[in-house]
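Pasting a structure here, questions to come.
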Amino acid sequence: MEVRNKQNFAAGLFFLAFGIFAAVVARSYSLGASDDIGPGYFPFWLAVLLAVLGTVLSVSALAPKAEATEIGRLDWKAVAWIVGAVVLFAFLLQILGIVFSVLVLVIVSSLGSHEFTWKGTLASSLLLAALVYGVFVMGLHLQFPTWPTLFS
Amino acid sequence: MDLIANLSLGFATALSLQNLLYAFIGCLLGTLIGVLPGIGPVATIAMLLPVTYGLSPTTALIMLAGIFYGAQYGGSTTAILVNLPGESSSVVTAIDGYQMARRGKAGTALFTAGFGSFFAGCVATLVLAAFAPALAELAFSFGPADYFSLMVLGLVGAIILSSGSILKAICMILMGLLLGLIGTDVNSGVMRYTFGIPALFDGIDFVCVAMGLFGFAEVISNLSLKDKRETFTNKVSGLWPSMADFKRMLPAVFRGTTLGSVLGILPGGGAVLSSFAAYTFEKKISKYSDEFGKGAIEGVAGPESANNAAAQTSFIPLLTMGIPSNAVMALMVGAMTIHNITPGPQVMQNNPELFWGLIASMWVGNLMLVILNLPMLGVWVKLLTIPYRFLYPAILVFCCIGVYSLNSNVANIYITAILSVFGYVLAKLGCEAAPMLLGFVLGPMMEEYFRRALILSQGSYSTFVTNPISLSLLVATAGLITIMAVPSIKKKRQEAFQED
């Protein structure tokens, strides 16, 4: 047996796993009766349906007539830079305030680019930090910790 | 006449100085993001929601709507000049528009796109004004079972428009529905899928889902690509088409507008589907079908009119039934909810100035876009020279700030980051994100209508088929599924999406 449609096979397994997990968790909520459905009713049946369709998807990917697809290489480096920068931003926001956190976010995320240069990145990070300060803090009065907590 | 009275109320609202200003900002931003590839209207509208908190609901919606149809205009500009569709709805415009530009007719192509869009926008505004009240009237007679079935139809309709496998799209909808149920159940108070995490008690905010899937995940995807562009900026001359061009263009604009207006209203319809349909249609009936792909003016006029018409008429299901028919409309639901307006038939009665003001602003916005786009072409094209490495950090900054300011909670940023990894991996597996966002927004509503329908029928599931409205909606759904399963139509549908 050969997995011809690799994309669909993997997606199907993912849906199956997600469905089983969601269904098992939903079992801990009351299903209720049909004239008064409980909190578990809707999620449980959705999850079961998802698991069933995921199985169908995976199995049909094995069919000899299935369209052959390959899964493109996952660019984990890009994921790490972007998600890392964002998580770092969230973490630093309370400590450093919005202005410095934006600088960090721009610099770290720019490091993920193929064409990174310090000069351009520093310039754009300063520009964006100034823009954020001007528009969101001064202009729109959104509530942020603006400066590092040490300063205030 | 009612229509005239209503429209004049609408224009009075839309032409107030503040609303004009925000419509202008919306159109400008929309064109901007339409021009810039790698960021679409969904992410932009999500990013700008916090900006609208301080505005009145009418002004906020006028601006957000401006972004949406502005993006249609901007997308076509880049499609023609650089063969780089800024929006997915301009993918087909790139086919013939770019060829026209290569043959030295960039100006004509841009004029055609602008004229077609403007004409379509005017007609669609009238369609919206004429049909929405009647549909809202109808929507008042809908019971919970009918609403549930309508949502099922809407979700299945949305699948047709997604280009990939139908089965995968259904799975994505189910995932979205499940994610939408996270949080405290309004009826029982039970915490569902929260795992003791306080940030999940109120459920995941839809902005996080939209940003994660359409903002961050797309940045990650684009980062691995290298961009290569060839522009025809210097060759834009002679905007005005020749008489012969005009004669070929006009009928295509009419056909595109009609097709787009109809497809936009249908659940699941929208700008993307309409432009593909219009292109296929033009190609089929044209006397010059051999010119398609080599710079046929109909290939620009038809799809451009259709996508703009559909962008506007897709507001009809939202404003009359409260059902979003695509991802952008799903965001509009969120925007209305933030401003304490429940989308649905009652909007027209309770907030007439919002309803008619929004409609009138679309016409005003279209006019602005024509004025804005043609003289400012040079500026837009300049923007294309900004390298992506400067663009994406800015996208991240605005996304993060948008998500954070939902309720001043950094947990939202973490949630968005996790969702973006999901979105990226699923995209790699060929699963589209749009059905998931739609499912996410409809999840809680569907459960509520399902529950209410069963309470009314005392637990009898037959209520969904004994009720005539619900039955006909379900029959229509079954019909759609059957049609999609028919091998020959399945093949057609694949062809339509592989036109490029």
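Placed from the backbone N, Cα and C atoms, the Cβ positions cover glycine too.
Values in this document were obtained by computation on a predicted structure and should not be read as measured data.
Per TrEMBL, the feature transmembrane segment maps to B:20-39, B:45-69, B:109-132, B:138-161, B:166-184, B:204-225, B:252-279, B:323-342, B:354-374, B:386-406, B:413-441, B:461-486. Annotation comment: TrEMBL describes B:20-438 as domain 'DUF112'.
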Taking the transmembrane segment (B:386-406) as reference, which of B:20-39, B:138-161, B:323-342, B:413-441 has the most Cβ pairs under 8 angstroms?
B:20-39
When you look at the transmembrane segment (B:166-184) alongside the transmembrane segment (B:323-342), do they share 3+ Cβ pairs under 8 Å, ignoring any pair fewer than 6 residues apart in sequence?
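Answer no: the transmembrane segment (B:323-342) and the transmembrane segment (B:166-184) share fewer than 3 Cβ pairs below 8 Å.
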With an 8 Å cut-off on Cβ pairs and a sequence gap of 6 or more, do the transmembrane segment (B:138-161) and the transmembrane segment (B:461-486) reach 3 or more such pairs?
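Touching, yes - the transmembrane segment (B:138-161) and the transmembrane segment (B:461-486) meet the threshold of 3 or more Cβ pairs under 8 Å.
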Sort out the residues at least 6 away from either end of the transmembrane segment (B:166-184), same chain, that have Cβ-Cβ distances under 8 Å to it, and list them.
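The answer is 155, 158-159, 190-194, 200-204, 209, 426, 430-433, 435-444, 446-447, 484.
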Out of B:45-69, B:109-132, B:252-279, B:413-441, B:461-486, which stretch has the largest tally of CB pairs under 8 angstroms to the transmembrane segment (B:354-374)?
B:109-132
If I count Cβ-Cβ pairs under 8 A between the transmembrane segment (B:204-225) and each of B:45-69, B:109-132, B:252-279, B:413-441, B:461-486, which range comes out on top?
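Between the candidates B:45-69, B:109-132, B:252-279, B:413-441, B:461-486, the best contact partner of the transmembrane segment (B:204-225) is B:413-441.
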Which bits of the chain, at least 6 residues beyond where the transmembrane segment (B:45-69) starts or stops, bring a Cβ under 8 A of a Cβ in it?
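For the transmembrane segment (B:45-69), the list is 13-14, 18-19, 22-27, 29-30, 33, 121, 207, 210-211, 214-215, 308, 311-312, 315, 328, 331-332, 334-336, 338-341, 351, 353-354, 357-358, 361-362, 365-366, 369, 395, 398-399, 401-402, 405-406.
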Tell me, what is the mean pLDDT of the domain 'DUF112' (B:20-438)?
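Here the predicted model's pLDDT, averaged over the domain 'DUF112' (B:20-438), is 81.
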